[in-house]
Amino acid sequence: MPLVALGVADLFNFVDYSKTSLAISAAAIAFNPTFWNIVARREYRTKFLTRAFGGNAQVACYFLAVTIFGLGLVRDFLYERALRDQPSHPLLEGTYVKYAAYALLALGNLLVITSTMRLGITGTFLGDYFGILMDGIVTGFPFNVTSAPMYYGSTMSFLGTALLYGKPAGLLLTAWVLFVYIIAIQFENPFTAEIYAKRDRERAKAAGTSKKEL
């Protein structure tokens, strides 16, 4: 088949939807943020993890962090396996595509790593839900580029991997990753904002009480 005939519109004809590994990868991608949002909200309301670790919120948060990190490794393994089961597309096998893939992987990992360095373990892995709040909003890089560097950096890494393998199925799964993360952000941002708003209201109330006592 001539390369010209293999246009962009033809990309998704190179996705083998019958492969079980594709569905499993898509399920893992959706499961992870669903899992950590459910667990974190339950922790916020009931402190079930903190109680399980003898009242130590820090240790409980680290436990959730390790769990989330482990699930991320499983998700990445399943994604790579799904790509290996899929056909490649000639348009995605060029030299410049590979350069773009490496650039996306580098930038994606830069966003993820620097955001983790800015927030720390508890800031990255939902410490707010455990009552471990940061003093203020982080505004330095990468948060001056995007408000969700972990999510967008991860999406860039998924896209970079898809291009590196030359797999249209990877592009499809990357679009799914982005969709899932955007939905997660819609749930997480307002909830987290309310946690800090509540902290600020309590501080203001305490300050007002102190002034009255004086």
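From the backbone N, Cα and C atoms, a Cβ is placed for every residue, glycine too.
Model, not experiment: these values are computed from the prediction.
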Recorded membrane side (Swiss-Prot) equal for F12 and A207: no
Cβ contacts under 8 Å made by the transmembrane segment (102-122) with residues that lie 6+ beyond its boundaries: 58, 61-62, 65, 130, 132, 134, 138, 140-143, 145-146, 149-150, 152-161, 163-164
Same-chain residue ranges lying at least 6 outside the topological domain 'Lumenal' (123-165) that approach it to Cβ under 8 Å: 36, 40-41, 43-44, 49-50, 57-58, 60-62, 64-65, 68-69, 79-80, 83-84, 88, 92, 97-98, 100-105, 107-112, 114-116, 171, 173-174, 177-178, 181, 184-185, 189, 192, 195-196, 199
Lowest local Cβ density (other Cβ within 10 Å) among binding-site residues: A106, L107: A106
